[in-house]
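The block underneath contains the structure these notes are about, expressed in structure tokens.
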Amino acid sequence: MAAAAVARRVVLVLVLAAASLAAAPRGAAARSLGGREGPGEVDADAAVDLNATNFDAFLKASLEPWAVVEFFAHWCPACRNYKPHYEKVAKLFNGRDAAHPGLILMARVDCASKVNIDLCNRFSVDHYPFLLWGPPTKFASAKWDPKQENNEIKLIDDGRTAERLLKWINNQMKSSFSLEDKKYENENMLPKNASDPEQIVQAIYDVEEATAQALQIILERKTIKPKNRDSLIRFLQILVARHPSKRCRRGSAELLINFDDHWSSNLSLSSQEGSKLLESVAEENHWICGKEVPRGYWLFCRGSKSETRGFSCGLWVLMHSLTVRIGDGESQSTFTSICDFIHNFFICEECRKHFYEMCSSVSAPFRTARELSLWLWSTHNKVNMRLMKEEKDMGTGDPLFPKVTWPPNQLCPSCYRSSKVTDGAVDWNEDAVYQFLVNYYGKKLVSSYKETYMESLQQQEKKIVSEDSSISNAASVPIGAALGVAIASCTFGALACFWRAQQKNRKQRKNWN
């Protein structure tokens, strides 16, 4: 028993060491391609729904200086009638298409949900709807007591209509916002804050969301078969080494350690078996990006309609973030892993086939991370151009987030060798494009995340984080980045031997009993 425990500990240390080594900062790391959140129309729920599991972390991570939180009950008729009023105001401040983005976070909490009872009591909620105003960090770190003087969190006592709520906010901020304010004079204009590097931090939440949803789809839709099992292993290995989220790297490592237990080589799942497997993965705390993910909503990738952007946007951001975090020696294997993953597990048939055709058209192996990053960027633009035409003909696109050639000239003038575009073809300066991706989706995406959201969510894991940090420090040596994946790959050979031995021990114990 003691030997088995030691062996398991050693294996986990090896996997985490590989992930820590491979995830060590590189000068050309962490960039992606994507778009910012934009809730859009009133019925698109501009306000962000929060609950007790993510309330503190989300508000602590908020970049806005102010927040309004509505506490309501879903069964309350007055709350249902009030929702359109609250959404009208939320539409002004939340998201890329907002008239006044980056000023106020508009959120909601359902106090009728059992998980939120203590949270609502913490803020002395005694009627519905109940609105509070204050700095997001104060919501995250304190409670509200109506008897307490000089409280930075204030009760909004006159916000029963959209007009009255906005008037209260205007009085508080000494502003003159109007419900008629619009973000764009032209719907194709680039948002004023699109080049703000502070906005990119929210992309990391959607990378986690896309990662968790991808695994959920694999389990629920029984897409894993014996023939594509290895491609999932290879993709998880990339996530262990290169995922921009530390929690997702750790979760991927845990899944790989227990891979044979959950997905045997002859596994073929029925729908019921897939649901049971999803439950078993959750019960054993193998949530790939944390137990509160998927959260069920998008930030950076939120569209103005419920059916636009979202998962596909998040998946693109994930793939781009992987390609720019690898070492040169990993470029070809990463390319193969991404292509195989989309081919085997992306369930949009037309998109899957089209992407794999572009993968198959590559004639020479990739030699550098730069080559792979630019190929994926070019591929993404080709997909956008194809979808732009289809969505225009069918009227199915997102009116506030039309497909565009990326990056637009407003964001990266140096990316264009000439301001003239001939027959839709752009004369790109690829060196500038790559540098743009490095700068726009670089260290800010990960560093801001670590300083805010991650710190809050991982308070309960201080011991684990401390051990992981020690491993990372011990493993930080000037070795080529490819060694990270090499170590991870070798580790899984040891894992297989270890788990086979453990399974034999389990059978013996059963016989003994």
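Cβ atoms are placed via backbone N, Cα and C, with glycine included.
Here Swiss-Prot flags CYS76 (among others) as active site, nucleophile. The Cβ of CYS76 (active site, nucleophile) has 16 neighbouring Cβ atoms from other residues within 10 Å, across all protein chains displayed.
The active site, nucleophile feature in Swiss-Prot is assigned to CYS79 (among others). In the three-state DSSP classification, CYS79 (active site, nucleophile) falls within a helix.
Annotated FAD binding site per Swiss-Prot: ARG309, TRP316, HIS320, GLU350, HIS354, 377-384, LYS403, TRP406, in sequence order.
Taken from Swiss-Prot, the feature disulfide bond applies to CYS76-CYS79 (among others), supported by sequence analysis.
CYS301 (disulfide bond) carries neither a helix nor a strand DSSP state and counts as coil. Per Swiss-Prot, disulfide bond is recorded for CYS301-CYS313 (among others), and the stated evidence type is sequence analysis.
When secondary structure is read from DSSP and collapsed to three states, CYS351 (disulfide bond) falls in the helix class. Taken from Swiss-Prot, the feature disulfide bond covers CYS348-CYS351 (among others), and the record attributes it to sequence analysis.
For CYS412-CYS415 (among others), the entry in Swiss-Prot reads disulfide bond. Of all the Cβ atoms in the protein chains shown, 20 others lie within 10 Å of the Cβ of CYS412 (disulfide bond).
As annotated by Swiss-Prot, domain 'Thioredoxin' applies to 31-174, with the evidence given as sequence analysis.
Among the features that Swiss-Prot reports, domain 'ERV/ALR sulfhydryl oxidase' is placed at 304-406, with the record citing sequence analysis.
Residues annotated as signal peptide in Swiss-Prot, with sequence analysis given as evidence: 1-30.
Shown are the recorded positions CYS79, CYS348, TRP406; of these, the residue with the fewest other Cβ atoms within 10 Å is CYS348. The recorded positions shown are CYS76, CYS79, CYS301, CYS313, CYS348; of these, the one with its CA atom nearest the CA of SER378 (FAD binding site) is CYS313.
For the pair formed by HIS380 (FAD binding site) and CYS79 (active site, nucleophile), distance between Cα atoms is given as 42 Å, rounded to the nearest Å. Taking the C-alpha atom of HIS354 (FAD binding site) as reference, the shortest distance to any of the recorded positions CYS76, CYS79, CYS313, CYS348, CYS412 belongs to CYS348. Look at ARG309 (FAD binding site): DSSP puts it in a strand. For the disulfide-bonded residues CYS301, CYS313, CYS351, CYS415, counting C-beta atoms within 10 A of each C-beta gives the highest total at CYS301.
Taking ARG309 (FAD binding site) as the reference point, the disulfide-bonded residues whose C-alpha atoms are within 10 Å of its C-alpha, out of CYS301, CYS348, CYS415, are CYS301.
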